[in-house]
Amino acid sequence: MGKETVIPFGPQHPVLPEPIHLDLVLEDETVVEAIPSIGYIHRGLEKLVEKKDYQQYTYVAERICGICSFMHGMGYCMSIESIMGVQVPERAEFLRTIWAELSRIHSHMLWLGLLADALGFESLFMHSWRLREQILDIFEETTGGRVIFSVCDIGGVRRDIDSETLKKITSILDGFEKEYSEITKVFLNDSSVILRTQGLGVLSKQAAFELGAVGPMARASGIDIDMRKSGYAAYGKLKIEPILETAGDCYARTSVRIREVFQSIDLIRQCIAMIPEGEIKVKVSGNPNGEYFTRLEQPRGEVLYYVKANGTKFLDRVRVRTPTFANIPALLETLKGCQLADVPVLILTIDPCISCTER
Amino acid sequence: MAQQTINTISPNELLAYALRLKNANYRLVAISSSNVENGIEMSYSFDSGNDFVNLRIIARPGDEIESISSIYSYSFLYENEIKELFGVNITGISPDYKDKLYRISVKTPFNAKEGDNNG
């Protein structure tokens, strides 16, 4: 047995865009335990529900995270709509699904760039983020925002996308897909990427289930879990099968996210082909009274919203369980036994979003 | 969408119910808390296929709530969070971070609403 030392990892580290701290207990260069500390940027956004009424809180929910901001707003709105029995127009459901899948592409492209950067593959990082710009441009054209859109509202959406713009999106995605196919070959076939990711941070199917993993982290270990299959928004009308891998290592997690971008493109094409004409929002009056748990699939996995209302315009409680929070136990387990030099890439492959976790 | 059920139970029934769900292959989805008049309401959410079940308990001031981490190992993160943010006395968490999971300056900031005398 080697000498035991404790090395602090974070809260500031080149691979972490946001602060999280881990005390890594090492024997020589091998990690034997990882102890997390979070809360460096805890904002108490859930608590803000006491000061913002349930309509205003839509804007707060969107600000939980800058990457999946649309889906945070959507999850919150879905909870309120369920409590109030609001039937969202079908066109709005399709528009929500289009923006949600664009958000997934944007998130996965951002992550691929970060992975390339962590591997020291700077040109690949720049190509990933250059392509991502095309998606941000679609956001800007259809919503007016590139990060926070403010298009999701209780009862539907605030903006429509006309048929010309929908055609344009299809055309942009065709070009995007072609270029994206090229860079995925590097991620999946380059020998240095394979050497740094295959066999690293293995999470077995059993362990993924026992540790409550969600999203690509769980699917890379062979667990068939994807909230989109529950049929919320327009997903019930689309053909969708979860992307699964079985190796459970960093390479498998990369592969799942890469394939999910193609899946999102396909889902957007399905939406554009099927989107009906009609209203995009229904009027909502009164105050919610009751409680509801909403779950949807964010880029990092299942997110849960618990909303409790009391019949006034102020809610009793909004609780958000983010996918990164759910994946921390699995991360801590996969770190055990890995080499210190592999820790940054391993942590990155859960695609941690500290902003979400520090809601 | 999945059906949602909420079963209100007493805190001393929690482990038995959790064990039953674990044996039936249910996944722990989340543990949520909110302030209610007589304490902290805790909802343990589980799912299996389309079934979404919530066990609900009320942790009254002074109550000791036993951790379910011996049954669902990953509950430790939720329980540490609730202990630190709401001040619920959850015992037997493994591992127990002893109020050091979050780096926050305010003690149990989510315990009672702002303006309440007991917060």
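The backbone N, Cα and C atoms fix where each Cβ goes, and this holds for glycine too.
Note that TrEMBL annotation is computational and uncurated.
According to TrEMBL, the features are:
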- A:Glu46, A:Val320: Mg(2+) binding site (BINDING)
- A:Cys65, A:Cys68, A:Cys353: Ni(2+) binding site (BINDING)
- A:Cys68, A:Cys356: Fe cation binding site (BINDING)
- A:119-283: domain 'NADH-quinone oxidoreductase subunit D' (DOMAIN)
- A:287-359: domain 'NADH-quinone oxidoreductase subunit D' (DOMAIN)
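In terms of DSSP helix, strand and coil, the domain 'NADH-quinone oxidoreductase subunit D' (A:287-359) has 26 helix, 26 strand, 21 coil. Mean model confidence for the domain 'NADH-quinone oxidoreductase subunit D' (A:119-283) is a pLDDT of 95. Within 10 Å of A:Val320 (Mg(2+) binding site), counting C-alpha to C-alpha distances, fall none of the binding-site residues A:Cys65, A:Cys68, A:Cys353. The most crowded of the binding-site residues listed here (A:Cys65, A:Cys353) is A:Cys65, judged by how many other CB atoms sit within 10 Å of its own CB. Within the same chain, the residues at least 6 positions away from A:Cys68 (Ni(2+) binding site) whose Cβ sits under 8 Å from its Cβ are A:Ser103, A:Ser107, A:Gln298, A:Pro299, A:Arg300, A:Val303, A:Cys353, A:Cys356, listed in sequence order. Listed in chain order, the residues near the Ni(2+) site other than A:Cys65, A:Cys68, A:Cys353 are A:Ile64, A:Gly66, A:Ile67, A:Ser69, A:Met71, A:His72, A:Ser107, A:Gln298, A:Pro299, A:Arg300, A:Thr322, A:Thr324, A:Ser355, A:Cys356, each with its Cβ within 8 Å of the site Cβ centroid. Between A:Glu46 (Mg(2+) binding site) and A:Cys65 (Ni(2+) binding site), the C-alpha separation comes to 13 Å. Under the three-state DSSP scheme, A:Cys68 (Ni(2+) binding site) falls in the coil class.
All protein chains included, A:Cys356 (Fe cation binding site) registers 23 other Cβ atoms within 10 Å of its own Cβ. The Cβ of A:Glu46 (Mg(2+) binding site) has 20 other Cβ atoms within 10 Å, all protein chains considered. Around A:Val320 (Mg(2+) binding site), taking its Cβ as the centre, 23 other Cβ atoms fall within 10 Å, counting all chains.
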